[in-house]
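Features as listed in TrEMBL:
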type	residues	note
BINDING	LYS71, MET72, LYS73, THR185, ASN295, PHE296, ARG297, LYS314	ATP binding site
DISULFID	CYS119-CYS164	disulfide bond
DISULFID	CYS128-CYS151	disulfide bond
DISULFID	CYS134-CYS158	disulfide bond
DISULFID	CYS216-CYS226	disulfide bond
DISULFID	CYS260-CYS269	disulfide bond
CARBOHYD	ASN183	N-linked glycosylation site
TRANSMEM	32-53	transmembrane segment
TRANSMEM	339-362	transmembrane segment
Amino acid sequence: MKKMKNQITNAISDFFFEYETPRQVLVRNRRVGVVCRLIQLGVLAYIIGWVFIYEKGYQSTDTAVSSVFTKMKGVGYTNDKGKERVWDVADYVFPPQGDSSFVVMTNYIITEGQSMSKCPELPGKHNCSSNTDCEGGSFKRTGHGQMTGVCVNTTKTCEVLAWCPVENDHIIPDPPLLISAENYTLFIKNSVTFPLFGVTRSNLVEGIDASYISKCLHDPEKAPLCPIFKLGDIVKLSGFNFETIAKVGGAIGIVVDWTCNFDVDVRHCKPKYNFHGLYGNPTETDKARASVGYNFRYAKHYLEDKIQKRTLFKVFGIRIDIIVQSLARKFDIIPTLTAIGSGVGIFGVATVVCDLVLLYLLPKREFYKNMKFKYTDTHIQDPDSEAGSIETEVSKK
């Protein structure tokens with residue numbers, strides 16, 4: 001019992017009042033020394049070059065909360081089959097609220113005077129030879145209405161209950177009817193807030209005032225901060241041909257990039273505009289696709305002699321999606337210490353590799369093992385033993 005008490009007391013005493021340190025062995029070997037220094041240099045280059053310079057591991061990051069407002073300006077003119085018309089913003093922009101995603105109409109097919117009645121389908125669609133080919137009350141996926149069960153002899157197509165006359169969209173106007181849309185202008189107003197750093201910025205940065213906006217036009221080289229863009233320039237910068245995309249429609253992405261470093265003056269935080277053609281180039285790979293371009297339909301309803309009628313538009317247009325991407329950085333001691341700590345830990349790789357070379361690969365590995373690990377014999381007399389027995393304690397360091 002007394003012996004156990006002494007052992008517990010000694011263990012507690014050793015825990016609190018002893019300090020262990022690893023033994024250092026200086027090895028004079030050129031190969032191992034060169035390997036060790038090369039690994040350490042590689043780790044140091046990684047820490048400085050990748051972690052601190054490229055990844056900026058000494059800074060904390062934040063993304064922005066963003067809002068986008070848009071406004072189109074310009075007037076278009078068409079003369080379709082002798083019918084002259086002027087188109088303003090309310091006619092060619094969908095939706096009109098100034099959203100970050102909208103469509104500018106560049107071409108269209110119009111079907112006027114439609115009313116709810118019975119009429120034959122277009123030739124080439126749902127052809128029939130007798131009434132049995134037109135199942136009454138059924139619908140065709142590509143049809144315009146509900147079949148009545150009658151095969152119209154003059155057209156050899158099924159009769160349908162639909163908005164008549166049915167739309168004929170086989171021939172798309174070429175050149176586009178609103179080719180003048182190339183000269184329309186787009187105004188982008190963007191505001192971003194970085195909540196972590198408490199910074200709010202607008203793309204109307206210092207020097208972009210009402211006087212400048214009234215006469216500027218965006219140019220990547222001459223006026224990169226001007227928020228007014230010519231539609232033709234947007235299409236060109238995205239890699240598309242305007243007449244081609246205007247005919248059948250397409251989509252373009254405008255990326256407003258806010259990459260900011262708040263370790264310098266906030267005024268240096270300015271947007272960069274990038275343009276990307278998303279789809280709608282039928283002269284190239286789009287020919288192999290089942291569907292090209294971008295289009296949709298909308299109708300204007302009215303009453304004529306107490307009969308409800310409508311004018312149907314099939315609109316081909318350029319869909320513009322404004323995408324805001326952001327990343328702000330600022331010095332922070334916590335990620336800095338974390339990066340340094342992880343880098344110091346990686347330095348241990350050099351020691352592990354060199355130990356493997358020393359102890360297992362070199363011809364004198366047994367010699368280095370004896371130098372690295374020291375064996376000591378400590379003779380301690382046991383006071384509880386009457387004969388003064390000897391304990392041998394072997395420690396491997």
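Placement of Cβ uses the backbone N, Cα and C atoms for every residue, glycine included.
Counting in whole angstrom, CYS128 (disulfide bond) lies 28 from ARG297 (ATP binding site) by their C-alpha atoms. Among LYS71, MET72, LYS73, THR185, ASN295, PHE296, ARG297, LYS314, the residues given in the record as binding ATP, the maximal Cα to Cα distance rounds to 24 Å. Checked against LYS314 (ATP binding site), the disulfide-bonded residues CYS119, CYS134, CYS151, CYS216, CYS226 differ in C-alpha distance, with CYS119 being the nearest. Measuring Cα to Cα from CYS119 (disulfide bond), the recorded positions that fall within 10 Å are CYS158, out of MET72, CYS158, CYS216.
CYS260 (disulfide bond) and PHE296 (ATP binding site) are 39 Å apart (CA-CA, integer value). Looking only at the disulfide-bonded residues CYS151, CYS164, CYS216, CYS226, CYS260, the one with its C-alpha closest to ARG297 (ATP binding site) is CYS164.
Each residue contributes its Cα atom, and for LYS73 (ATP binding site) and CYS158 (disulfide bond) those atoms are 45 Å apart. The candidate set comprises the disulfide-bonded residues CYS134, CYS216, CYS260. Of these, CYS260 has the most other Cβ atoms within 10 Å. Here the Cα atom of CYS158 (disulfide bond) is found 27 Å from that of ASN295 (ATP binding site).
A simple way to gauge crowding: the CB of MET72 (ATP binding site) has 19 other CB atoms within 10 angstroms, across all the protein chains here. The two recorded residues, CYS269 (disulfide bond) and LYS71 (ATP binding site), have Cα atoms 24 Å apart. Separating the Cα atoms of CYS226 (disulfide bond) and MET72 (ATP binding site) is a whole-number distance of 15 Å. The two recorded residues, CYS260 (disulfide bond) and ASN295 (ATP binding site), have Cα atoms 38 Å apart.
Cα distances from CYS151 (disulfide bond) to the recorded positions ASN183, CYS216, ASN295 are smallest for ASN295. Per-site Cβ counts within 10 Å over the binding-site residues LYS71, LYS73, ARG297, LYS314 peak at LYS314.
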